[in-house]
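What follows is one structure encoded as structure tokens, with my remarks underneath.
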Amino acid sequence: MPIAWVSHFEKSWSHEVTFALCFVAIIPLEKTFDLGGEQMALYLGKDLGDLVIITLNNAVEATLAIVLLRNCELRLLQATIVGVVVLHLLLIPGTAFLAGGATIWEQNLHPHPNELNHSLLAVGVLTILLPTAFFAALDRGAQSIASNGQLTYSGNVLTDHMRDEILRMSRGLAVVLLVVYVGSRIFLHNPPGDGNAGTLAPNAPLEQKIQEEHLKTVNPEIHPLVCVTLLMITIALMATTAEFLVESIENVREAGHIQEEWFGLILLPIVSFSADGCIAIAYFARSVWNHIIGKETLVPSELAKGRAIDLSIQFTLFWMPFLVLLGWWIDKPMHLLFDYYELAIVLGSCFLVNYVTADSKTNWGEGLIMVAFYVMIAISAWFYIGQPELAVMLNCPGTVADALTSGVENGGEGVRVIARTLRAAL
């Protein structure tokens with residue numbers, strides 16, 4: 001991390017070096033969050049401890065998202081939000097199911113939260129669908145072919161008034177999402193009925209019950225005050241490192257000719273998976289090799305590691321609406337109108353995850369399917385240039401009119417086509 005900071009201030013170092021060093025420096029900071037969360041969970045109990053662990057595991061992506069919002073990188077921010085959700089829905093649990101099921105027939109998911117997770121995932125994704133479908137359904141007027149061969153419309157939906165309407169809609173939806181998330185946590189931590197708070201569901205797997213009993217005998221290794229201090233210092237270091245990383249993004253993207261969509265959907269979210277992913281892949285490869293040569297391997301837990309799905313739910317139901325409301329507070333036009341392609345990706349991911357986890361059981365075959373679908377998304381996103389209309393609606397700083405005016409000179413071909421279309425309509 002010190003080298004990454006030096007590279008930021010040392011102007012003779014390239015932006016690519018700064019980005020790579022900051023990218024790597026975030027990995028140990030993320031593991032520090034994991035350590036602090038696991039230790040705090042031993043003081044707070046299983047239920048509240050799980051919430052702390054999930055929140056701290058999302059700290060890397062949340063910090064990066066806040067920095068992007070503050071720097072007005074709204075297009076990249078939206079792509080990163082979708083990328084984080086898809087990563088936690090597909091790649092992370094997929095590799096966990098793949099590695100954990102390498103030498104066992106099937107693993108179990110905790111049935112009580114898993115049943116609720118299906119509904120929470122659906123409502124989070126459908127919340128993105130509402131403003132996006134609203135915008136897609138707006139009347140763009142009659143179609144015609146201009147003299148230059150471009151398709152034009154007689155209507156005009158790219159206005160500051162329309163963006164204000166979508167912003168108001170998004171802020172209302174954000175408040176509702178936060179209420180849903182808080183309500184779901186209350187339901188999970190304190191189910192209806194006397195004496196149900198903090199107790200396992202009657203149909204909990206045996207492995208889950210054994211794990212609960214084991215946690216009661218584990219003693220924390222770090223004092224709570226030391227743990228809180230460590231986490232506060234880590235948050236400060238993370239925020240600074242993320243700031244340096246974001247400042248180098250534009251130069252790295254242009255130098256590498258990388259599409260902004262791929263950068264946000266794949267590259268930035270993957271930082272939170274780098275360390276755990278390498279461990280999971282190495283474990284799976286070792287298990288397969290030992291099976292081929294007939295060597296006995298350590299039998300994995302029958303309890304599947306599905307916490308990453310909880311991370312995506314929190315990011316969708318808490319951090320995403322939080323970013324919308326934070327943007328309202330600091331005067332950044334962050335809204336829930338997402339790119340159509342991104343919406344299709346997150347809808348497909350939600351459908352696949354809900355289908356895989358419907359029976360609360362997983363195996364390595366299903367894990368392979370999830371990882372394969374993520375690879376398909378990464379391949380297709382490499383060629384996607386983004387939706388020009390959305391780039392205009394997310395113009396920051398400035399208005400939609402400013403984006404249409406300046407887009408003719410420097411906004412890219414998509415924005416130039418939109419500008420010509422609107423001039424023809426007027």
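Cβ from N, Cα, C; glycine included.
Per TrEMBL, the feature domain 'Sodium/calcium exchanger membrane region' maps to 19-184, 229-380. The transmembrane segment feature in TrEMBL is assigned to 49-69, 76-99, 119-138, 222-242, 262-285, 311-330, 337-356, 368-385.
Ranked by number of Cβ pairs under 8 Å to the transmembrane segment (76-99), the listed stretches 49-69, 119-138, 222-242, 311-330, 368-385 are led by 368-385. As a quick check, the transmembrane segment (337-356) and the transmembrane segment (119-138) clear the bar of 3 or more Cβ pairs under 8 A, pairs 6 or more apart, so the two touch. Through the fold, the transmembrane segment (222-242) approaches residues 1, 4-5, 22, 25-26, 29, 32-33, 35-36, 39-40, 43, 56, 59-60, 63-64, 66-67 of its own chain, all at least 6 residues removed from its boundaries and within a Cβ separation under 8 Å.
Listed by sequence, the residues of this chain that lie at least six past the ends of the transmembrane segment (311-330) yet keep a Cβ under 8 A from its Cβ atoms are 54-55, 57-58, 61-62, 65-66, 69-70, 74, 77, 81, 84-89, 92, 117, 120-121, 123-125, 127, 167, 170-171, 173-175, 177-178, 180-181, 184, 336. For the transmembrane segment (368-385), the residues of the chain that approach it from at least six positions outside its boundaries are 86-87, 89-91, 93-95, 97-98, 259, 261-262, 265-266, 341, 345, 348-349, 352-353, 356, 414, judged by C-beta separation under 8 angstroms.
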